[in-house]
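A.B. asks: Annotations for this protein, taken from Swiss-Prot, read as follows:
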- HIS44: active site (ACT_SITE)
- TYR47, LYS86, ASP518, GLY555: ATP binding site (BINDING)
- GLU88, ASN556: Mg(2+) 1 binding site (BINDING)
- SER89, HIS90, ASN91, HIS92, ARG111, GLN235, GLU307, SER308, GLN309, SER558: substrate binding site (BINDING)
- HIS90: active site, proton acceptor (ACT_SITE)
- ASP112, ASP263: Mg(2+) 2 binding site (BINDING)
Amino acid sequence: MPYTLEDLKAHGLSPAEYQQIQQQLGRDPNPNELAMFGVMWSEHCCYKNSRPLLKNFPTTGERVVVGPGENAGVVDLGEGDWLAFKIESHNHPSAVEPFQGAATGVGGILRDIFTLGARPIALLNSLRFGPLTDPRNRRLMARVVEGIAHYGNCVGVPTVGGEVAVDPCYSGNPLVNVMALGLLETPAVVKSAARGVGNPVLYVGATTGRDGIRGASFASAELKEDAQQDRPAVQVGDPFLGKCLIEACLEAFATGAVVAAQDMGAAGITCSTAEMAAKGGVGIRFDLDRVPARESGMAAWEYLLSESQERMLLVVQKGREAEVMEIFHRWGLQASVAGEVIAEPLVEIWHQGSCVVQVPVRALAEDTPVYVRPVLPEPPAYVQAAWQWDPATLPPCDCQGIHLAQATLAWKEVLLQLLASPTLASKAWIYRQYDHQVQNNTVLWPGQGDAAVIRIRSQRFGVGEVPPLRASRKAIAATLDGNGRWVYLDPYEGAKAAVAEAARNLTCVGADPLAVTDNLNFGNPENPVVYWQLALACRGIGDACRALGTPVTGGNVSLYNETLTPQGSQAIYPTPVIGMVGLIPDLKCICGQGWQQEGDLIYLLGSQALTSLGGSEYLAVIHQQVTGRPAPVDLELEKRVQAACRHGIRQGWVRSAHDCSEGGLAVALAEACLSGGRGATLSLAPGSLRWDQALFGEGSSRILVSVDPAQRSAWEAYLEAQLAGQWQLLGEVGSPADPLLLRTAEEDPLLVVSLAAMQAAYHGAFSD
């Protein structure tokens, strides 16, 4: 073997994988070919550890136009409108260069959308950081937010929603997941399969440099404590060039001359040529000397592994290349004929007049390693210990508060502490840095509803024309949801809960949930405990998606989210993030989360009994414990609760709707007060529950709604038929001067807290 073990390790390959390469080639690979195998056989590109588990996901449905395998999923919204959507991660790059790591994460996911022929219309993000009391974490968070805002604002795509959570497990390894949505402009989806022997392959976009080299391999290994040395693996983005690329590509696609398109993301030219050829069952001959370079003296392997941003490969009809290139030149972009489609299924790379790579397409893109690892037959020790936890071990509590050893902590103080915790606190400081109204289609923006709502406007209009409003007044809703702590304590139920919460958030704004894109953020799959977490989480996602009728159209897997330190390896919580889109039939029937009118009746849909303190924010913040077992998800009840909420919204009975999730019922009530600027008076009976569980216990299948009192009879008759007693009337909405007043059924006070006090706590965690 001409390579040492250190050589293989540098490329992320094992000795066994090198033997596979030798067998497939019938020889040793040359250094350029080895570099290509290193990135194409990385977890980031070939999903060698997760691919068998992803087969558990449902991927087809009545509205699915494009499922997994293309640059993004596509669903049919009716009336000729198709929606493309996808989520991606940029975790490792954001850890070492947070501004560019986050910014290029936005640029990359936008390319996945417009590569299909869709105009990007919205962005969302899901972020995880370590405690903000650590200056490093706070700086990292600020730079990530700045990077997201920079690219999204400059490229002209609104950032309309997302989520942020804070936990010590993310200190060394933050998570930056970005989701994008787009509406198809082309009559058909632009696919990535190269076709037509002799058709030219065009390189378009920005020039190629040395930034981002081996970025895919970097994303497929644990972060080292001295991760700053990996900064060259982080790409550098240009949103203004990205905007030009969007317009040029959509204009080129409209000519009908483009046969296939693929963005140059992870693994750059290597991945684009191999995947386009593999999907088309053809080969590609490519000449690196025709690639516009921004640096001199680049070696072949540097061209092949560069992940310079804002670049695309196009296969165009022979004879029409000049027509397409003129479009890109007019937009100030590079465009050159750098290759051609060939019949023999090979990736053939030329450099300085010599053939430097000749590899079977299947070896790079299809016959990659797949590892089916054994799944632990029973939960690991940490989970079994957590499940033995009993709430009775907590200090006693009553209607006055929790009686800690040093003093009684009143429920008002508990609520204020929870509202001030970074995971629950207002994220206004973050989302105010994002332009969430550019394009003028955002109907519900951050802080107004449980999901973002975007108006659908025609995307098929000429330059300089104003897009017409649709007579049908349809809209799209989108959300991102995840709870790493729940998945850590129960991967199966925690993953189910993430899917259920995403659907519930869409329901709360009046949308029918349609489909899912998922981002699986986990640790090292070679660790049996991590693989068990991953396997059970995938099973939970699959089961929940089947039950709720939300097929998975694609997604992203981000493994090795661990930090290697002298003390060992620190892994993140297993954190699947669910991106879900929904359809609102009529914009007249949407709902925000805040109270609307004084005197409206407040109802809780769902069962208080299906809650738990296990894994709750209350347990973590007040008692500094991460233990217990999260509440199981009753998917049948979930469907009925969501159906009841949507029906109430569309009948005009329900005036506000808000999901009860992190922080439990009391926090949901406070959020509805703060969002609507009104107090409320309510009565609560704990039943057999402890008071802290009744107030702050967490679970699925619960929605808080306010209802027009004139519709009480019709609403309650419908609820009883639909939910059979699994609902309760809690109280009524007050005025802007009223506090949040919670009492027992016997009229004893539980908590009284003013809007001003709640606002002060809620808006204090994130600020300059």
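A Cβ is built for glycine as well, from the same backbone N, Cα and C atoms used for every other residue.
Here the structure is a predicted model, which means the values were calculated and not measured.
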A.B. asks: May I ask for the distance between GLU88 (Mg(2+) 1 binding site) and ASP263 (Mg(2+) 2 binding site), taken between their Cα atoms and rounded to an integer number of Å?
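C.D. replies: So the alpha carbons of GLU88 (Mg(2+) 1 binding site) and ASP263 (Mg(2+) 2 binding site) sit roughly 14 Å from each other.
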A.B. asks: Considering only the recorded positions HIS44, LYS86, HIS90, ASP518, ASN556, which residue has the minimal Cα-Cα separation from GLN309 (substrate binding site)?
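C.D. replies: Sorting the recorded positions by distance from GLN309 (substrate binding site), the top entry is HIS90.
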A.B. asks: Using C-alpha atoms, which one of the binding-site residues SER89, ARG111, GLU307 comes nearest to the residue listed as 'active site'?
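C.D. replies: Nearest listed residue in space: SER89.
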A.B. asks: I want the residues beyond TYR47, LYS86, ASP518, GLY555 whose C-beta is within 8 angstroms of the mean position of the ATP site's C-beta atoms, in chain order.
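C.D. replies: Result: LEU54, PRO68, ILE87, GLU88, THR517, ASN519, LEU520, VAL552, GLY554, ASN556, VAL557.
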A.B. asks: Identify, in sequence order, the residues in the chain of TYR47 (ATP binding site) that are 6 or more apart from it along the sequence and have a CB within less than 8 Å of its CB; answer 'none' if there are none.
C.D. replies: LEU54, VAL557
A.B. asks: Take the C-alpha atoms of the residue listed as 'active site, proton acceptor' and ASP112 (Mg(2+) 2 binding site) and report the distance between them in angstrom, rounded.
C.D. replies: 14
A.B. asks: Rank aside, I only need the closest one: which of the binding-site residues ARG111, ASP112, ASP263 has its C-alpha nearest to that of LYS86 (ATP binding site)?
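C.D. replies: Going through ARG111, ASP112, ASP263 one by one, the closest to LYS86 (ATP binding site) is ASP112.
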A.B. asks: With the cut-off set at 10 Å between Cβ atoms, which of these binding-site residues ends up with the most neighbours? Options: SER89, GLN309, ASN556.
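C.D. replies: Per the Cβ count, the most surrounded site is GLN309.
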A.B. asks: Do any residues at least six apart in sequence from ASP263 (Mg(2+) 2 binding site), in the same chain, have a Cβ closer than 8 Å to its Cβ, and if so which, in order?
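C.D. replies: When sequence neighbours closer than 6 are ignored, ASP263 (Mg(2+) 2 binding site) has ASN71, GLY108, ARG111, ASP112, THR115, SER272, ARG311, MET312 within Cβ distance under 8 Å.
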A.B. asks: Under 8 Å Cβ to Cβ from ASP518 (ATP binding site), same chain, six or more residues apart: give me those in sequence order, or none if nothing qualifies.
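C.D. replies: Same-chain residues close to ASP518 (ATP binding site) (Cβ under 8 Å, separated by 6 or more) are PHE57, ILE87, ILE541, VAL552, GLY555, ASN556, PRO576, VAL577, ILE578, GLY579.
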A.B. asks: Hey, of the recorded positions listed (LYS86, HIS90, ASN91), which one tops the CB count within 10 A?
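C.D. replies: That would be HIS90, with the highest Cβ count within 10 Å.
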A.B. asks: Taking only the residues the record lists as binding substrate, namely SER89, HIS90, ASN91, HIS92, ARG111, GLN235, GLU307, SER308, GLN309, SER558, what is the largest Cα to Cα distance between any two of them, in Å to the nearest whole number?
C.D. replies: 21
A.B. asks: If you draw a 10 Å sphere on the Cβ of GLY555 (ATP binding site), how many other Cβ atoms land inside?
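C.D. replies: Its Cβ shell of radius 10 Å holds 26 other Cβ atoms.
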A.B. asks: What whole-number value in Å do you get for the largest C-alpha pair distance within TYR47, LYS86, ASP518, GLY555, the residues recorded as binding ATP?
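C.D. replies: So the maximum pairwise Cα distance among the ATP binders is 17 Å.
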